[in-house]
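Asks: Below are the features listed in Swiss-Prot for this protein:
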ACT_SITE  D374  active site
BINDING   A318, P319, G320, V321, R322, G323, M324, K339  ATP binding site
Amino acid sequence: MVQSAPASEIAALILRGFDDYREQFREITDGARARFEQAQWQEAQRASAQRINLYEEKVAETVAGLRAGLADSELLDVERWPIIKSAYIAQIDLRLDDELAETWFNSIFCGLFSHDNISDGTMFVHTTRPSLRAHARAPYTRTYRPGGDLRQALEKIFDDYRFDVPYDDRERDLERIDALLHSNLPDWVCKDPDLAIELIGSVFYRNKGAYLVGRLFTPDEQWPLVFPLLHREDHGIQFDTVITDEAEVSIIFSFTRSYFMVDVPVPAELVAFLKRLLPGKHLAELYTSIGFYKQGKSEFYRALINHLATTDDRFVMAPGVRGMVMSVFTLPGFNTVFKIIKDRFNPSKSVDHATVIQKYQLVKNHDRVGRLADTQQFADFRFPVSKFEPECLAELLEVAPSTVVMEGDVVLIRHCWTERRMTPLNIYLENASEAQTREALNDYGLAIKQLAAANIFPGDMLLKNFGVTRHGRVVFYDYDEICYLTEVNFRYIPEPRFPEDEMSSEPWYSVGPNDVFPEEFPRFLFVDLNQRRLFAKLHGNLYDAKYWQGLQEQIREGKVIDVFPYRRQETPEQLLG
């Protein structure tokens, strides 16, 4: 029944929707431990996708409830929303997840109003919360003081983080982890009587792994510390290795990985702790990595508008070959690209706008195995014309006039995705040394194989559609032809019927819409003959249809790949199990 309500009541209804979302978010997250202990890997993948979709589902539910219960005259009167915002601030002030509650309020407002009404008076364009809580440590950590005896501290850690499944071989792992720590750290650190180990109390879960995350520190220095744990079915829990290198820990929290499942009592304080471990990571990345991708989006937007306000940076077209479906531009001083869908595609492309959007959503929900760049979707970005180089703006207006619109001295971008900027692989190889070329092409092949084992076929595997990250990893970022591997029909090219067949410009055999012939990959992927030969040595099995068919068979049997986001001390073949 439609009724009148004071601002405080509307604020309470919005907050009630947030509480419902947070409760279900925690419920999904809390199940991660049991899924890890019971080796329920497919259930873990489903839970990850369910949690990603939960936010939009609950926003839609809350907006529908507000519309059903309140008169449009008061709900949709934008002049009332500064008062509603003030009432909401009072209601979230004592919460431990107040910054997430602000972002929720923004989502509800945008579900009710067009983006023309966005202002800091009606919603939280700028946060009212402190950016980092000024606490010396996270609210729930465990601290161990080895006093020169690392082994004793490790034994206590093994005891404190026990699971309901026993360790596979506790003594073996203790000896190995102790040896690895002594190997990774200077000898004086291990013997320092003031050395301390601080670990976050909650375990981080993702895919088939669990992670203890924290730091080693002395009064003068600190090192990040991560213990990856595995559960080998029928073998129990094992400590796989120990990581103390900041670059390697950064990769574990990479934008190319799925989001962690971790109990987070105070999100801002956990993020502040992680920020101290990984100072090179932006707050947006850290919030996103622990599942709060909408908060990551808010932090990204605030960083973007601050960058534009405080620098002379101007948008330019991104370097690389122009896309057939997407147009890509960037800010030189801001490590992000902005991708918009063109109005008209190259005739060789069979996709439409709706299909492209579906492909990006597929990537959002799927296990990215460290080989797909995460994206954020934005609507109705508004930037001053003065922030665009004239050539960039002219090109965007030409290729996407329905998406990029001039409104006086403002450029309206109706829809775009943001993505981490990388060096296109084809450009990287132009200036690479022989060793760098070999390493990049090897990682390019590994990227294709790991995506395939995760049931992803990139479709267009040209070098220009892959990027190289600052850590040297090869990542796929062009999604308009991406599909599930099991949807593809991998075939061998039939033998020619007559000698003339091989000379014909047209195939002598029928080709279905999902048919792929791996034998054709070498000439399509590599113009450079040296690169073609090298790749054949490194990953020649990618040219064999039987390799792809074998992967499809294992995927259909429900097997889930092990893809480790770190270098393992032992290097067994990746297992499908």
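In case you wondered, yes, glycine gets a Cβ from its N, Cα and C as well.
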Asks: At the Cα level, what's the spacing in Å between P319 (ATP binding site) and D374 (active site), rounded?
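Replies: So the Cα of D374 (active site) lies 20 Å away from that of P319 (ATP binding site).
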Asks: Which residue, of the binding-site residues A318, V321, has its CB surrounded by the fewest other CB atoms within 10 A?
Replies: V321
Asks: By a simple count, how many Cβ atoms lie within 10 Å of the Cβ of P319 (ATP binding site), its own Cβ left out?
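Replies: A count of 12.
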Asks: Give the number of CB atoms, excluding that of R322 (ATP binding site) itself, located within 10 Å of its CB.
Replies: 14
Asks: Where's the emptiest Cβ shell within 10 Å among the recorded positions G320, K339, D374?
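Replies: Candidates: the recorded positions G320, K339, D374. Fewest Cβ atoms within 10 Å: G320.
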Asks: Just to verify a number: CA distance, M324 (ATP binding site) to D374 (active site), in angstrom, no decimals.
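Replies: Roughly 21 Å, rounded to the nearest whole number.
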Asks: I'd like the number of other C-beta atoms within 10 A of the C-beta of M324 (ATP binding site), please.
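Replies: So the Cβ neighbour count for M324 (ATP binding site) comes to 17.
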Asks: Let me know how many other Cβ atoms fall within 10 Å of the Cβ of G323 (ATP binding site).
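Replies: There are 20 of them.
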Asks: Please report the DSSP secondary structure of K339 (ATP binding site), reduced to three states.
Replies: strand
Asks: How many Å separate the Cα atoms of K339 (ATP binding site) and D374 (active site)?
Replies: 13
